[in-house]
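A.B. asks: To start, I am sharing the structure in question, which I have written as structure tokens.
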Amino acid sequence: MSTLDTAVPGLHEEHHGPAKGLGRWLFTTNHKDIGTLYLWFSLLMFLTGGVMALLIRSELFQPGLQLVEPGFFNQLTTMHGLIMVFGAVMPAFVGLANWMVPLMIGAPDMALPRMNNWSFWILPFAFAILISTLFMDGGAPNFGWTFYAPLSTTYAPPSVTYFIFSIHIMGASSIMGAINIIATILNMRAPGMTMMKLPLFVWTWLITAFLLIAVMPVLAGVVTMMLMDIHFGTSFFNAAGGGDPVLFQHVFWFFGHPEVYIMILPAFGIVSQIIPTFSRKKLFGYASMVYATASIAVLSFLVWAHHMFTVGLPLAGELFFMFATMLIAVPTGVKVFNWVATMYRGSLTFETPMLFAVAFVVLFTIGGFSGLMLAIAPVDFQYHDTYFVVAHFHYVLVPGAIFSIMAGVYYWLPKWTGHMLDERMGKLHFWLSFIGVNITFFPMHFLGLAGMPRRIPDYALQFADFNMIASIGAFIFGFSQLLFVWNVIQNIRSREAATARVWEGAQGLEWEVPSPAPYHTHTTPPKVE
Amino acid sequence: MGTIRTIRTIISGLSLVLLPFTARAEWTVNLSPGVTEVSRSVYDLHMTIFWICVAIGCVVFGVMFWSIFHHRKSKGAKAHHFHEHTLVEIAWTLVPLGILVAMAVPATATLVKMYDPSEADLDIQITGYQWKWRYTYLDKDLDFFSNLATPREQIGNEEAKGDNYLLEVDRHLVLPTDTKIRLLLTANDVIHSWWVPALAVKKDAIPGFINEAWTRIDEPGIYRGQCAELCGQDHGFMPIVVEAVPPEQFQQWLAQVKAEKQAEAAAAEKSWTLDELMTQGEQVYLRACAACHQPTGTGVPPAFPALKGSPVALGDVGAHIDIVLNGRPGTAMQAFRDQLSATELAAVITYERNAWGNSTGEAVAPSQITRILEGNAETAGEGAQ
């Protein structure tokens, strides 16, 4: 360690360490502290949303109503979706960006450190408000995470106003986070770190941040229109007053579809860091990866109505959105081919991060196939709003986004804590998760094709068997996440010191600083040749 | 299909060991081809695209697993140093594009077929309500609601579940086969979605707007479906049952329904005892009111107020009748004037005024309701909103 410490440029200029006590976390402007806060927060939300998922799966274990009332069931599905999307996946990626982007581009911190603190610390308030609605008269929001009007306006519980307020805060947090990331990447790269040398995680986050800035205001707009309809007598979404409920869906999905890519592009970035490391081979097709990510981002603005094939679009509209959606398969395919080509003729090892990354590629691709099927408008009439859709988006979000986050955490954890992971426990977590996730979500394809609608608390008897299997899988997956928590805590407490490089094949500036990364890094910009 | 069958056998074998009591249910793992020309071409399209995906998956995962097994460090694999290849990269951009075009052609053809705007022989208006469907046979003077018929005891696990658990209704949507039927969809409150898989029709029913779909059923039979758009508490409890019958039988059915309607109107004019009204009222209440106000009349405040001991049920009869007939705008309380017959309305109001200890002893006569309905019908023309 000591030899490494002295070998690191800039370490001697470190004039102070972290403050002590709670104040360190409340007032911190350090990108590593804020990254840590984001990650712990996201883990807490992941477990909260997970408990809700397990309640949902318990109710669906058998036909008939056993545990919860249908009204509360709807609150659970709504809160599960909102918490997982806005509380677990998005903050986890922001946390990873906070930790890793400055380390990867050779910057001493984020460009706007005070705003960084602010953008994190408003999040707990947003979620405290959202979760408090569960205890309000009339219950929590019960209209699904997509909150279609007029169910979410005229027919909503009174808590909808708190929901709108909390969405506004989350949006503000995301926009500030995105501005910070863009400002950092564009202005604070080390000399010689040209755009086409940026690690892919940085590239994907740069593009994601632009998506966030473009669409979070749209989300803010749509909830504000709801607020006006509910409290100020407007009729944006009320046909009786000259409005249109379908307008809500157009505006929502203009946000919602890019949002889907906000949750997957950073995942592409993480996987593009991990696969080359454990293949001991440079990423295949770096430039085409960057262009593919950018094309996915551009296309994401042109496909929103594929979520609305059954609302009664004109034929020309259906065709346009069908073709545009199918087109997304091309850049997505390029990415998958590049990952496979990176592994091809490499020198592969399968440590925990690599296992999660490989599972990501396989299972995300399966989610991509069902996505392609859903893009075909005439057959989407059969799939739309069934468990086939539930299977599809859980395949891209759980073994997609969530697996990539876990891969990233296992990959960079030694850099954060300075300790190596207990590989045996990491692999146990991986295999239980992998098996659990597939037992949970694969049968949902069958359920959807057999005709089970989504968002129902009780179902006809022909759906009983697969629902029971899915519920068993959900419990395996859910409880194996306790192993993840255990692994992280054990890693923090472990004594097995990590080297600066950590992984044999690791490349990039983040591996040039010691492990654990000192409180201040790259205070003198490293040179990139 | 061989692989699917194998997987199916394995899974059902497992379930026989693990979950013996579920073994009697059928295992459906795929779309049904359905009973219309459109549904069959949708099914064919679905299978085509599915197999294309399977083929691509085999190639991609094949190469990947080849690398996983053969290019391991533990097997002494040395990493090669290639990291780009323009030709290969162009190829794997253009080849998928070609495959997509090949998919788009049949997809477009099927879609165009679904959007056929030609005249239909029968028009049905379908209106979604929280949480039931209303079917109006346009130009046939026929209009009725279709409610879930599964008893609450089955849902609450107090009774064994029937074969068509949650997929049975009190009145089927009867349609003629071999006839082009146009469906005009709208909703009374929130967005619903009318879906019958065997017809490959799923279209949103949107309040204030009318959507259009059509079908031509080839085979007589009973086809079940469900609401496919989250529409509130009982979204999972508003099934759809289509009964397709040959055209002659459809005409007979129309005549029969009209005769029944006249008989019912006559029954409303006879005098009813309190007991008779209470007996019928309880049935109507459990079917039409109990979802919100609960079988015990205690409701789920604040959204669904209690009727037990409520000022409405114990106070002025006229006000009570008015709320049941016309609903309360801006709340979940619907107008029941079109949903229930005069006799049913009288019975349920009588029931609400005399059940759960609401002992007013008052009976509302069906003829009284008939007169109110007739009176309103006359003034409705003038008092247009």
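Cβ coordinates are placed from backbone N, Cα and C, and glycine is handled just like the others.
According to TrEMBL, the protein carries these features:
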- A:25-529: domain 'Cytochrome oxidase subunit I profile' (DOMAIN)
- A:37-56: transmembrane segment (TRANSMEM)
- A:76-97: transmembrane segment (TRANSMEM)
- A:118-140: transmembrane segment (TRANSMEM)
- A:160-188: transmembrane segment (TRANSMEM)
- A:200-227: transmembrane segment (TRANSMEM)
- A:247-271: transmembrane segment (TRANSMEM)
- A:283-307: transmembrane segment (TRANSMEM)
- A:319-341: transmembrane segment (TRANSMEM)
- A:353-377: transmembrane segment (TRANSMEM)
- A:389-413: transmembrane segment (TRANSMEM)
- A:428-448: transmembrane segment (TRANSMEM)
- A:468-489: transmembrane segment (TRANSMEM)
A.B. asks: Short question: most Cβ pairs under 8 Å with the transmembrane segment (A:37-56), which of A:76-97, A:247-271, A:389-413?
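C.D. replies: Between the stretches A:76-97, A:247-271, A:389-413, A:76-97 has the largest tally.
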A.B. asks: Counting only pairs at least 6 apart in sequence, do the transmembrane segment (A:76-97) and the transmembrane segment (A:247-271) share 3+ Cβ pairs under 8 Å?
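C.D. replies: Contact between the transmembrane segment (A:76-97) and the transmembrane segment (A:247-271): present.
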A.B. asks: Can you tell me which of A:200-227, A:428-448, A:468-489 gets the most C-beta pairs within less than 8 Å of the transmembrane segment (A:283-307)?
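C.D. replies: Against the transmembrane segment (A:283-307), the leading stretch is A:200-227.
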A.B. asks: What stretch in A:118-140, A:247-271, A:319-341, A:353-377, A:389-413 has the biggest tally of Cβ pairs under 8 Å against the transmembrane segment (A:428-448)?
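C.D. replies: Between the stretches A:118-140, A:247-271, A:319-341, A:353-377, A:389-413, A:389-413 has the largest tally.
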A.B. asks: Sequence-remote contacts (6 or more beyond its ends) of the transmembrane segment (A:353-377), Cβ cut-off under 8 Å?
C.D. replies: 264, 267, 270-271, 274-275, 277-278, 306, 309, 318-319, 321-322, 325-326, 328-329, 332, 336, 339-340, 343, 383-384, 388-389, 391-393, 395-396, 399-400, 403-404, 406-408, 410-411, 427, 430, 434, 437-438, 445, 503
A.B. asks: What residues elsewhere in the chain lie close to the transmembrane segment (A:319-341), defined as a C-beta under 8 angstroms and at least 6 residues from its ends?
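C.D. replies: Apart from its flanks, the transmembrane segment (A:319-341) reaches 268, 271-272, 275, 283-285, 288-289, 291-293, 295-296, 299-300, 302-306, 309, 313, 361, 364-365, 368, 371-372, 375-377.
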A.B. asks: Grab the same-chain neighbours of the transmembrane segment (A:247-271) for me: Cβ-Cβ under 8 Å, and only residues 6 or more beyond its ends, written as numbers and ranges.
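C.D. replies: Result: 85, 89-90, 93, 96-97, 146-149, 199-205, 207-208, 211-212, 214-216, 218-219, 221-222, 225-226, 236-237, 289, 293, 296-297, 300-301, 303-308, 311, 335, 339, 357, 360-361, 364, 393, 396-397, 400-401, 404-405, 407-408, 411.
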A.B. asks: On the 0 to 100 pLDDT scale, where does the domain 'Cytochrome oxidase subunit I profile' (A:25-529) sit on average?
C.D. replies: 96
